[in-house]
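A.B. asks: Pasting in a structure now, in structure tokens, and then I'll have a few things to ask.
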Amino acid sequence: MDFIATILFLALVISSTKALDPCGPQPDDSDLLLIPIYGKCSPFNPPKPDSLFNTVMNMASKDPARVKYLSSLVAQKTTAVPIASGQQVLNIGNYIVRVKIGTPGQLMFMVLDTSNDVAWVPCSGCNGCSATTFSPNTSSTYGSLDCGLPQCAQVRGLSCPATGSAACSFNQSYGGDSSFSANLVRDSLGLANDIVPDFAFGCINAISGGSVPPQGLLGLGRGPMSLISQSGALYSGVFSYCLPSFKSYYFSGSLKLGPVGQPKNIRTTPLLKSPHRPSLYYVNLTGISVGQVQVPIAPEYLAFNPNTGAGTIIDSGTVVTRFVQPIYKAIRDEFAKHVKGPFTAIGVFDTCFDATAEAEAPLITLHFEGLSMPLPMENSFLHTSAGSRACLAIAPVPNNVNAAMNVIANLQQQNHRILFDVINSRLGIA
């Protein structure tokens with residue numbers, strides 16, 4: 001009897017382990033796994049990071065290009081049919097989601113980006129793409145889109161002819177050293193248990209360079225081509241995510257789409273909107289505290305200006321929070337009053353100190369209209385590989401960025417539930 005009971009127990013454990021596979025599909029859950037591209041569940045088999053600090057430093061090295069790109073979007077003037085050169089500078093994404101495209105669904109792992117709209121994936125026959133591509137020929141719901149359709153007018157880098165009918169094609173650069181060309185198409189998009197029919201996205205036919213995400217990008221911005229806009233009543237303009245910590249190599253976060261199951265008692269702040277770049281999620285940052293001291297910041301460095309794009313955005317694709325130089329200097333100067341130096345610079349961080357002094361380091365609190373966001377220690381400080389130095393994990397906006405724009409990045413968002421309610425123009429933090 002004992003032997004049989006033991007066998008049954010082991011069988012139960014094995015089956016439960018399979019059912020609770022953290023990297024497998026979640027058939028009974030409407031949430032999507034949000035997978036760190038460098039984590040255990042990533043299908044791209046990145047080398048396991050030798051240290052958290054080196055991982056963040058490597059990812060943050062691409063931040064200046066992304067911040068410059070976000071700034072250039074803000075400065076762009078709108079036209080009835082935006083036709084651009086396609087010289088966009090994006091940044092490799094840090095989190096990916098499992099989706100299915102077509103009928104029957106073809107599995108793809110796409111980068112999540114809250115500051116971009118048009119989704120795109122590599123398609124079969126693509127020149128320079130990875131081995132995993134979407135095959136339009138095997139999908140019964142696939143269709144092409146031509147230049148005369150309204151969706152085509154929403155694509156940046158458009159290359160449609162002035163007259164006549166043609167496939168809606170566009171070209172974009174990515175990561176500063178890569179580019180791709182694509183046709184705008186439509187097909188079913190499967191997200192957990194949901195299907196978004198006739199979802200418009202870019203079908204990539206050629207890639208140059210190595211920075212383009214291997215299986216594409218899913219835009220969650222506020223523009224008309226984003227997932228939130230195209231899904232209509234299905235998600236009611238509401239989504240939230242919880243980004244796993246960079247320390248969580250073995251764990252994934254979650255992307256929750258739609259109002260059902262969102263946190264009930266959540267503090268919110270208004271979402272602001274710039275008419276010159278409606279995709280970006282602006283918030284009203286009113287101040288910053290270092291410990292108990294609210295640092296002195298001239299109002300013009302915090303103020304939202306819809307005409308120039310100045311202000312503060314929240315972004316999933318930037319790694320380290322960036323403040324314009326006067327704000328960053330005020331934070332750094334107040335921080336230095338509480339922590340014993342000397343301070344040194346390591347990579348993008350110029351406020352690094354002996355790790356033994358971390359116990360006396362004050363916490364950083366971000367104050368928004370209607371709520372405050374205290375940053376836990378792991379969202380504020382990073383340790384070097386040897387652990388002997390700790391660095392304040394924020395940085396100044398690069399000098400080559402024209403617009404006075406602050407970016408609340410994913411390192412500071414980690415382990416918070418960030419709720420985006422586009423219809424009611426509010427952002428929640430729990």
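Numbers here mean position along the shown chain, with the first residue as 1.
Quick reminder: no glycine exception, Cβ is built from N, Cα and C everywhere.
In case it's useful when we look at the structure, here is the feature table from TrEMBL:
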SIGNAL    1-19  signal peptide
DOMAIN    95-430  domain 'Peptidase A1'
ACT_SITE  Asp113  active site
ACT_SITE  Asp315  active site
A.B. asks: What's the CA-CA gap between Asp315 (active site) and Asp113 (active site) in angstrom, rounded?
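C.D. replies: Asp113 (active site) has its Cα 8 Å from the Cα of Asp315 (active site).
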A.B. asks: On average, what pLDDT score does this prediction assign to the domain 'Peptidase A1' (95-430)?
C.D. replies: 91
A.B. asks: What is the total of other Cβ atoms whose distance to the Cβ of Asp113 (active site) is within 10 Å?
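C.D. replies: Taking every protein chain into account, the count is 25.
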